[in-house]
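Got these off TrEMBL a minute ago, pasting:
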| type | residues | note |
| --- | --- | --- |
| SITE | A:ALA505 | site 'Determinant of potassium dependence' |
| TRANSMEM | A:6-22 | transmembrane segment |
| TRANSMEM | A:59-78 | transmembrane segment |
| TRANSMEM | A:84-104 | transmembrane segment |
| TRANSMEM | A:134-159 | transmembrane segment |
| TRANSMEM | A:171-191 | transmembrane segment |
| TRANSMEM | A:351-373 | transmembrane segment |
| TRANSMEM | A:414-433 | transmembrane segment |
| TRANSMEM | A:445-466 | transmembrane segment |
| TRANSMEM | A:510-528 | transmembrane segment |
| TRANSMEM | A:636-655 | transmembrane segment |
| TRANSMEM | A:712-745 | transmembrane segment |
| TRANSMEM | A:794-815 | transmembrane segment |
Protein chains: 2
Amino acid sequence: MDVILVWLIATSASILALVWAWRFHHQMMLADEGTEPMRAIAQSVREGAAAYLHQQNKVVTVVFLVVTVLLSVAALWLNVLSVFTPIAFLTGGLFSGLCGWFGMKTATQASSRTAAAAKDSLDSGLQIAFRSGAVMGLTVVGMGLLYLCVWFAILYYFVPLIGGEEARLSLRQISITMLTFGMGASAQALFARVGGGIFTKAADVGADLVGKVEQSLAEDSPRNPATIADNVGDNVGDVAGMGADLYESYTGSILAASALGVAAMSQQGVLGEGGDAEAAQLQAMLLPMAIAAIGIACSIAGIYAVKTDESLSQKSLLKALARGINRSCLWVMIGSVGVAMWLMPRVPGTLLLGVVPGIAVSVIVGLMAGWLIGWWTQRVTSDEYATTQHLAAQAETGPATIIIGGVADGMMSVWLPIVIISSAMLLAFGFANGGHFNDVTRFSLGLYGVGIAAVGMLSTLGITLATDAYGPIADNAGGNAEMAGLDPVVRQRTDALDSLGNTTAATGKGFAIGSAALTALALLAAYVEGVRDGFDRWGRDVASQVTGEGSYKINENLLVEKTPEGTQTYLILPSRPQTTEQTAEQAATWRQLDALEPIADGVLASSVAGQRVDIAHATLQDFLHYFDTTLMNPRVLVGIFLGAMSSFVFCAMTMRSVGRAAEGMVLEVRRQFTENPGILDGSVTPDYQRPIEISTKSAQHEMILPSLLGLLLPIAVGLLLGVGGVLGLLTGCLTSGFCLAVFMANSGGMWDNAKKYVEAGHHGGKGSPAHKAAVVGDTVGDPFKDTSGPSLNILIKLMSMVSVVVAGLIVRYSLVAYEIF
Amino acid sequence: MDVILVWLIATSASILALVWAWRFHHQMMLADEGTEPMRAIAQSVREGAAAYLHQQNKVVTVVFLVVTVLLSVAALWLNVLSVFTPIAFLTGGLFSGLCGWFGMKTATQASSRTAAAAKDSLDSGLQIAFRSGAVMGLTVVGMGLLYLCVWFAILYYFVPLIGGEEARLSLRQISITMLTFGMGASAQALFARVGGGIFTKAADVGADLVGKVEQSLAEDSPRNPATIADNVGDNVGDVAGMGADLYESYTGSILAASALGVAAMSQQGVLGEGGDAEAAQLQAMLLPMAIAAIGIACSIAGIYAVKTDESLSQKSLLKALARGINRSCLWVMIGSVGVAMWLMPRVPGTLLLGVVPGIAVSVIVGLMAGWLIGWWTQRVTSDEYATTQHLAAQAETGPATIIIGGVADGMMSVWLPIVIISSAMLLAFGFANGGHFNDVTRFSLGLYGVGIAAVGMLSTLGITLATDAYGPIADNAGGNAEMAGLDPVVRQRTDALDSLGNTTAATGKGFAIGSAALTALALLAAYVEGVRDGFDRWGRDVASQVTGEGSYKINENLLVEKTPEGTQTYLILPSRPQTTEQTAEQAATWRQLDALEPIADGVLASSVAGQRVDIAHATLQDFLHYFDTTLMNPRVLVGIFLGAMSSFVFCAMTMRSVGRAAEGMVLEVRRQFTENPGILDGSVTPDYQRPIEISTKSAQHEMILPSLLGLLLPIAVGLLLGVGGVLGLLTGCLTSGFCLAVFMANSGGMWDNAKKYVEAGHHGGKGSPAHKAAVVGDTVGDPFKDTSGPSLNILIKLMSMVSVVVAGLIVRYSLVAYEIF
């Protein structure tokens, strides 16, 4: 295998994605922007969105600078991090931010053009909207993969070129260093998702409560001062927020899989006789990038398969989108078998039919899992199925029953996604390591399979994100058509597109949660690699402080050996209980070693009660054993409790934020109506800017507390409870957070569609008591599905990412490391 | 220490509790039952409650017989269970059922008498209501402790007396056998809590939606056909359900602590030089019972401390109750220090000040934790504090905002209970084992501390349950006074009592959840003891099938040795990775052993690659290591996912059940009003029986599915994923379920009190739009706080209990045991 070849393929694919993104953008910009009022409306939305991003970027810049300084201290002064991490943190945030900026630019340009194209035909409208969505999809995957390729080249090629051979990093160091590079994207995603989510729902709820409920204005009425803010919100939350979220999942999954691949191939004995470990590590590291490259090609091809005829039915539109996605998936499946056969090191016992590495099935499992979760989300939230129709019927007995029903149905809908993710994990694990669930040697290989499944699920992100970003574009196109007073047939077409957008948005949310869960699982496993790196840094740091050669005791369970060949750090695994005499003897021996005097060889053998394991060759289980990360360890249990708690508290924070922000919006809209009665009769144009400013300011203000929770909790838990506590925290947050996220997203989607179902004339139709009850359900569902639910994805991943980055700190400076606790 | 002395103290205390329960009951029965209408109303409620219990007992009997047959098969045919378990299952269910029956009898007798006594003075009313509540409290603790004492006597004294010395069970066997005896109470509690919860809310929602909302009848109006059903529901759900729930926690915590105590003292090296392990085990086993005995005495004394003057203020009433509880707590703290100094074996390094065993602090930690959670629940749900007052203000902007606010506040309120339980666990663990968090030898001792903390928390159950059962009695007394048209001053007094009851009910729910969590934690640890017993049974079973002496291989990781002295089972702990040659050699050796031929000694040594650990001396960590119950094991992770899922699905099921049952009730009440218009003008007495029958039938029908989830999921997960999967399941269910239960109970309580706050004249008062919105919140909260939330307690404990009982089955017949997975 030629490294440079794979690297070139991946880099080309990423550039290909960016080129196609540019092409689609260019095509869209050439399209007719419509009439003067349409342009003016689009211009307002664009300005609002730009103003929001500008304000958000100011806050984000400050946060990034602060964090960069802290990371630099950790890297340069404490020596618990790679020196590249701070700069990678900045560039990661920058790339992610660029994606959001570019995607939103495109979306806000596309809405009026979609409305204008819908004047010609439904397909023209679909093409503009969908391909503009594809700009977002392709930008995310292109920027993501390019970022990884560039950094790989720097660390693998340029560092030894500039620093000489002694500066060369091992593959393990490269993979772990790069793993910490995901944090920039995580932080950016947090602000985009949480801030965007609060913005959009504050505007939406404000616009609805005063405009629609109090003043009985129509949806998207230009007389509603919050209507532009509402449209801006769609772009800010659903385009930029969703993009940043999935950008993070995308890069995170590739980085985690690469790190796990290197770890799996470093495992002694895994390759069998005569295997070249170095080459295998490289192959396993590059495989995720190669799968991503194939995914990009297949996504672009799939985008061209999306076409529809003039039939307005939801079914035919869905079929058009499904055709694109399904074809991409199929091609990726075929391609991944090929690339796995080409790149995957041959591990004895994991080959299917003797030739196909089982890891190829892991890719397929990931793809299927993503597809299934999307399907299920649509199945439970779409008003074409029984669940939502039945929920709509409960509106007849008032708001209380539809709320109880929606909460119950949402909670019930959790079961299948859990079963899917659980099965995907077991299958991806089992196929990757040949079904050897109990084989310590191949355990990391199984986890690599889970990481690869996450990569597989996200490989077609170019097209799946396109269907997602398409939603708000169609939604805004509808708003534009309404406000500009276009021909009813146009509004009918944009409505068809918008209705499709609601379905794809629900599917997209399911997909986002599913991919976040699988990515977080991979990051959880990769975290242990971060811990290994932390021990390695600690050992080398201690060795650099002592002069003589020999063995040194760092603490009761850690030993460092300095030899002319280099430094080796050893874990002393806890042994089975010893007799009291042994313990006393050991303690006596240990005490002699405190003064950084090397230990005589004879003493060493007798003094180390547990098994001495070289850090570089320690298995994953060794680390877990070392930290006693079993379910009975109170530190681990407390971690799980705190993780579960954090997901509930995070939801509460984001929901309260929406409540507070919406309150400000309500007051502002009421003020405008009172001070300018002309707004209501259409004689005065309302001040659209003020609501945007209010939403922007609240969003910036309200996103601080939840962000701090996500950033600081893993560090606090780590310092107090050590590595075991952190693993518990991540597990608790992942499992509870996943359930909560699915519940909230689905409940919200159901209420939304139940309302639409009632509005379509069922159970009394618009204006009936059932409709009023359904509107209450929809309003409750708004922060559920658009703020708290999706933000949980980020919380789950961010906590993992922060834990990985600070692993070195926790290993060295936690109360556990100080042997206090 | 004299075993018989401790046993006599515990037995006497339990009889003392029953005698006092009888005394309070007798005193109450002597009180004036009031006027004729009052008697008639009370009679209706009594009949309804009796009818419900009768119907429930029919269903429960069938279920109990089926389960008993299955348990008998497991015990007698598969030999994976003690032969005593099936009979203990029946008697446990019977005792628990008797408690519920007796408590409910008392409550339904007490309500009219409370109303009658309130004619004299507030204190008289409080005395009748509270002491009738105490009947429930004392019956639960008396029956619970008596049950345990009787079984201990049977297993410890009578079995060797009748079966001879060879039938004598070791203390470990006794403690594990008795641990499985909690399942009868668990199953009974499930039916009582879930069935009762569905009954009460179906009646409540039905009565409210048609009677109050559609026909504008007053609360407790005799013209509402569902009003008696509503009053019955209070007794069925809040008295019988709550009693069964806490009976289960009470016995479960003592059983778990006893089992953990024996395990901790069996640990080699824990007692230091010259410790008598047998005596220490006995002491550690009896300590929880002794603490329970002290708790009973202190509870009875505390009940007498509850007195009030004629001031109607909530504060003075609360102070009266708090005085009783606080004094009991204080006395138990002092007593537990004494009893710990008397009974607790002296473990080196765990003595405070050189004399007080740290375990005494664990008792205090448990008591404090229970008190704190109760305080917090009151703090966030009472309308005397800012949280609920602020929530009430959100009713002004409509039902949607109060729902969003209540969900957010409820989720936020999770944080402190989690912190309390986490801290309690760490402190109880740390004090019990002298702060040696990393010492394998003393690990079980720490878990024993957690078990003892649970016992401590529940030790004052006699009085805390009294304050809880008091609530529905006061509530019914108010209903009785209203329906019988008593003097307004009486209604005023019963209202004061009722309002206090709402606060104590909220506190009681918090306490129930907290104690369930701590009990479940103890059961989780005790589960491993069940697993040990399962291996032991398996080994002895295999040994009984072979004729020759020597070592036999059961599977790759299990070895049994038959010698003239007896049978010894060995775990082969997984070793660190071996070279390929070693593995091949080992495999070759193993293969010879498959045919149940004993292994030659020389071959044995070389053939066992991992460490051979005798089952009897295996530490907890050995088992966890054996099953690789680390957080990275996909089986464990899947288990945690499924556990989290089960709590959400269980909530969904119970909420849907309430919805369906309420629907039937709504139709029935409407039917009565339509068919008998005379009901509304008071000329015709409505048919009170039909609604009771409907609620009863729905409750029986609807409780089946959630019950099956709780009973079957641990078995299914165990068979598929083995012991690691079960531990994951229990952890996931405990952590997510705890958060969900706190969230739902608190949200429901807040909405209830926010409504009351609005009704008290704030934000527009009764009839205002804010009031309507608050009523929606209250209705949504009803199933949250009275069905799903409290039922989760049972789910958490039942799953643990079922897992303990079927541990032997899972150890032997899971896919993992068959080495398929």
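A Cβ is built for glycine as well, from the same backbone N, Cα and C atoms used for every other residue.
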Report the listed stretch (A:6-22, A:134-159, A:171-191, A:351-373) having the maximum count of Cβ pairs within less than 8 Å of the transmembrane segment (A:510-528).
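It is A:351-373, which has the most Cβ pairs under 8 Å.
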Validating a neighbour-count step here. Other CB atoms within 10 A of the CB of A:ALA505 (site 'Determinant of potassium dependence'): how many?
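Summing over all protein chains shown, A:ALA505 (site 'Determinant of potassium dependence') has 28 other Cβ atoms within 10 Å.
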In the same chain, which residue numbers or ranges, 6 or more beyond the ends of the transmembrane segment (A:351-373), come under 8 angstroms Cβ to Cβ?
287, 291, 325, 329, 332-333, 336-337, 340-341, 344, 416-417, 420-421, 423-424, 427-428, 430-434, 448-450, 452-460, 464, 510-511, 513-515, 518
State the residues, same chain only, that lie 6 or more residues beyond the ends of the transmembrane segment (A:171-191) and have a CB under 8 A from a CB inside it; answer 'none' if no residue qualifies.
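Apart from its flanks, the transmembrane segment (A:171-191) reaches 56, 59-60, 63-64, 67, 81-82, 84-85, 88-97, 100, 144, 147-148, 151-152, 155-156, 244-245, 247-248, 251-252, 255-256, 258-259, 261-263, 266, 278, 281-282, 285, 523, 526, 529-530, 532-533, 616, 703, 706-707, 710-711, 791, 794-795, 797-798, 801-802, 804-805.
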Taking the transmembrane segment (A:84-104) as the reference, which of A:59-78, A:134-159, A:712-745 gives the largest number of Cβ pairs under 8 angstroms?
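Maximum Cβ contact count belongs to A:134-159.
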Please give the sequence-distant neighbours of the transmembrane segment (A:134-159): residues at least 6 beyond its ends with Cβ less than 8 Å from one of its Cβ atoms.
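For the transmembrane segment (A:134-159), the sequence-distant neighbours (Cβ-Cβ under 8 Å, at least 6 residues beyond its ends) are 3, 7, 10-11, 13-18, 20-21, 24-25, 28, 84, 88, 91-92, 95-96, 98-99, 102-103, 106-107, 167-169, 174, 177-178, 181, 185, 239, 243, 246-247, 250-251, 254-255, 289, 292-293, 295-296, 299-300, 303, 461-466, 468-469.
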Counting a contact as 3 or more Cβ pairs under 8 Å, with residues at least 6 apart in sequence, do the transmembrane segment (A:794-815) and the transmembrane segment (A:59-78) touch?
yes
So which residues does the transmembrane segment (A:6-22) touch in its own chain, when a touch means Cβ under 8 Å and the partner is 6 or more beyond its ends?
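Same-chain contacts beyond the ends: 102, 134-135, 138-139, 141-146, 148-149, 152-153, 286, 289-290, 292-294, 296-297, 299-300, 343, 462.
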Within the same chain, where does the transmembrane segment (A:59-78) have neighbours whose Cβ lies under 8 angstroms from its own Cβ atoms, ignoring anything closer than 6 residues to its ends? I mean 6 or more beyond.
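That would be 85-86, 89-90, 93, 97, 184, 187-188, 191, 700, 707, 805-806, 808-809, 812-813.
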Looking only at DSSP and grouping its letters into three states, which state does A:ALA505 (site 'Determinant of potassium dependence') belong to?
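DSSP call for A:ALA505 (site 'Determinant of potassium dependence'): helix.
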